[in-house]
Amino acid sequence: MQTLAQHLTSKAVNESLSQLILTLADTSKAISHAVRHGALAGVLGATEQENVQGETQKKLDIITNDMLKDALKADGTVRGLASEEEDHVVEVSANGQYLVCFDPLDGSSNIDINSLVGTIFSVLPAPAGELTETSFLQSGRNQLAAGYVLYGPSTMLALTTGQGVQLFTLHPETNEFLLTNAAMSISPDTQEFAINMSNQRFWEAPMQTYIADLLLGKIGPREKSFNMRWIAAMVGDVHRVLSRGGIFTYPTDNKDPKKPYKLRLMYEANPMALLVEQAGGKASTGYETILDIQPTQIHQRVAVILGSANEVDACLSYHGIDYSEEPTLD
């Protein structure tokens with residue numbers, strides 16, 4: 001089996017980007033170690049702090065954020081970073097070539113119940129000139145690399161550098177990420193959907209109708225039965241979609257009119273959308289392709305519908321839009 005470093009060489013990924021990816025991977029090994037130790041190391045539970053989203057931070061949110069910041073500062077290739085746990089962008093190295101956006105511990109509410117969590121990251125080119133928030137406001141099409149690390153029964157890294165999606169598994173003895181799936185592919189059709197049904201009454205009418213039709217199964221207009229899955233961590237739900245197909249959605253809702261969207265564009269939706277498109281799936285807000293959105297702020301939120309291409313098209317048809325064309329992977 002190829003190691004991650006060997007794989008990057010075989011794909012002719014340039015040296016500096018390879019170095020950055022390896023730094024992210026090495027840091028994820030340390031995060032995996034911290035997650036595994038959990039209560040034994042006294043790192044479970046919440047703090048009294050809130051992040052910029054107004055969400056109470058878990059102890060491991062802060063610990064993993066600091067681990068990634070420290071590693072990226074030492075790497076030398078990073079111009080700046082943006083994190084779910086940082087109010088503002090952080091300048092790293094004046095000579096860095098890349099910007100890194102990340103969610104250090106996606107699904108951290110699952111930590112205290114020993115369920116799935118992960119790290120999501122996105123790598124963008126660093127524009128010339130002074131580093132400001134505007135430097136980061138690039139569409140998802142500009143991503144040079146994206147991926148996530150899933151901390152589950154095995155620690156797994158899903159990665160794209162624009163050449164498909166590869167899956168690596170952390171070997172528990174050698175502590176190396178080894179290539180275990182050279183070409184992840186999302187089946188175009190599915191009978192699985194992932195959504196937080198407790199918000200049903202707050203969704204827009206198109207999504208309410210779409211889900212209602214799925215629940216009708218064979219006797220409904222879709223003429224087939226669907227199963228629902230929900231992990232409550234985007235990283236886990238998207239991993240399932242990449243592994244065996246499905247549709248994942250966190251749609252617009254009016255539960256809190258000031259926050260109609262849940263997921264963040266720059267370090268959740270964009271990297272996951274790139275992975276999904278590179279694996280043959282589609283990713284949309286319901287009204288536009290996620291990777292084509294021009295961001296307006298670092299912590300911008302969007303609706304997310306992604307997964308098996310034909311099922312995403314079916315969902316979008318309820319929104320009155322035909323997205324039947326193949327996604328652009330330039």
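One is the number of the first residue shown, and numbering goes on along the chain from there.
Cβ from N, Cα, C; glycine included.
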Listed alongside D106, G107, S108, S109, K262 for substrate in Swiss-Prot, from N196, N227, N310, is N196
Three-class DSSP assignment, N196 (substrate binding site), comes back as coil
Students should find that the Cβ of K262 (substrate binding site) has, within 10 Å, a number of other Cβ atoms equal to 21
Candidates E84, D103, E268 (binding-site residues); nearest Cα to N196 (substrate binding site) turns out to be E268
S108 (substrate binding site) to E268 (Mg(2+) 2 binding site), Cα to Cα, whole Å, comes out at 14
D106 (Mg(2+) 2 binding site) falls, by three-state DSSP, under strand
Out of E84, D103, the listed binding-site residues, fewest other Cβ atoms within 10 Å surround the Cβ of E84
